[in-house]
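Novice: There's a structure below that I have some questions on.
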Amino acid sequence: MRSLGIYCFIFLYFISIINRSLCLENITSERDLLIYLLDTRRYDSSMRPDTDTGNATQVQVDLVLNSIGPVNDMDMEISASVYLRQQWRDTRLAHNVFNRSIVISYKHLDELWVPDLFFPQSKTERRHVLTTPNILIRLETDGSILYSQRLSVTLQCFMELQNFPLDHQKCAIEMESYSYSTDQLYFIWSLDRGSLNVQDNAFIPDFTILGVTSSDCTATYATGSFTCLKAEVTLKREIGFYITQTYIPSILIVILSWASFWIDHEAVPARISVGLLTVLTITTQSSGARSQLPRVPYIKSIDVWMAVCLVFVFGAYMEYAVVTVLSRRHRKAAEKTSKSEVSLNDVVINNGTSCTSCNSSSADAIPHPGRRVDKRSRIIFPLSFLIFNLVYWIYYIHGPK
């Protein structure tokens, strides 16, 4: 009885092969072939390839970065337009009718099994549909399927802004399977084509692309371990914009604050106006520079620069306060000296010079401490700012990235 069952199974198996061969022999067009291959009675698009064998389905992936940017520092986002290609083998779609590949219309996409690849870091994504959906599906005779699509994605990019705007950033593009664990499906970078490429015309206004790297990874969640691929883009920020918009204006403001050292200390309105103007201007500029960046718990390079510039400007303003105090003390000391001397207005000495004139000349000969402070400030402030610039640029340009 058992032998009869085996014979029946073998008979039915050969009948199915003969029936398949006869059906394939009657196919003369690609349309008929697709109708036959995608017939729901023999092909279930909800089942992955190799389910019957128990092996994990291998999917080769390659990524072409068509364009990158813009980069949003405030939200820590990066946008990219990519060509995403996936290739796998589905033996259920193998045929020998035509000795060439067949391009399948995107309208049959729902009838095919495709990997459930997604971008876990994406905030928004869309498939380009003009003038038709940008999708390519190509079927080879051995059942291999190439699935290519053009996508635009906005991804989360966690940035380290300690060296901003002299910083380098690394933004990762990760791709995972959403529902198939590693024992059911796994991704590998493409072996036939370049796994990760950047178009020559890819351009970011504020950054230079230093390079891209690809690697494998495994994402582990409470529901299991899932296959993962990672592409990492290394970016270098272009400092030209910040040189013209932040650094040069702040340097000029600091230099302008030094103009008060050459203004006579008795010109109170002029020196106060210069001091207040520079302090308010550098404060406003500092607030504007910080408004373009997210709130982070560490000090950034631009924070150090603006803080030191504010210290120099405020120091120049406070220098006038010191000069004013010293001038007041000098004036009081001169008045006390004049009162302590004996007035000899009516006495004429030698060539007729009165003692009052002598006392006046003696008082004027006393060095004015406020002027000494101004003269020293003309050297100390520029020299200190120059030293700060040397230390700042050497550290942040050649220091750790």
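Cβ coordinates are placed from backbone N, Cα and C, and glycine is handled just like the others.
Unlike curated entries, TrEMBL annotations are predicted automatically.
Found this in TrEMBL, in case it helps:
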- 32-238: domain 'Neurotransmitter-gated ion-channel ligand-binding' (DOMAIN)
- 246-339: domain 'Neurotransmitter-gated ion-channel transmembrane' (DOMAIN)
- 1-23: signal peptide (SIGNAL)
- 239-261: transmembrane segment (TRANSMEM)
- 268-284: transmembrane segment (TRANSMEM)
- 304-326: transmembrane segment (TRANSMEM)
- 379-398: transmembrane segment (TRANSMEM)
Novice: For the domain 'Neurotransmitter-gated ion-channel ligand-binding' (32-238), provide the mean pLDDT of the predicted model.
Specialist: 91
Novice: Please identify the stretch among 239-261, 268-284, 379-398 with the greatest number of Cβ pairs below 8 Å relative to the transmembrane segment (304-326).
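Specialist: Between the stretches 239-261, 268-284, 379-398, 239-261 has the largest tally.
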Novice: Can you work out which residues elsewhere in the same chain, 6+ from the ends of the transmembrane segment (268-284), have a Cβ less than 8 Å from its Cβ atoms?
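Specialist: Non-local partners: 250, 253-254, 256-257, 259-260, 306, 309-310, 313-314, 316-317, 320.
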Novice: Counting by DSSP, what is the helix, strand and coil composition of the domain 'Neurotransmitter-gated ion-channel transmembrane' (246-339)?
Specialist: 80 helix, 0 strand, 14 coil
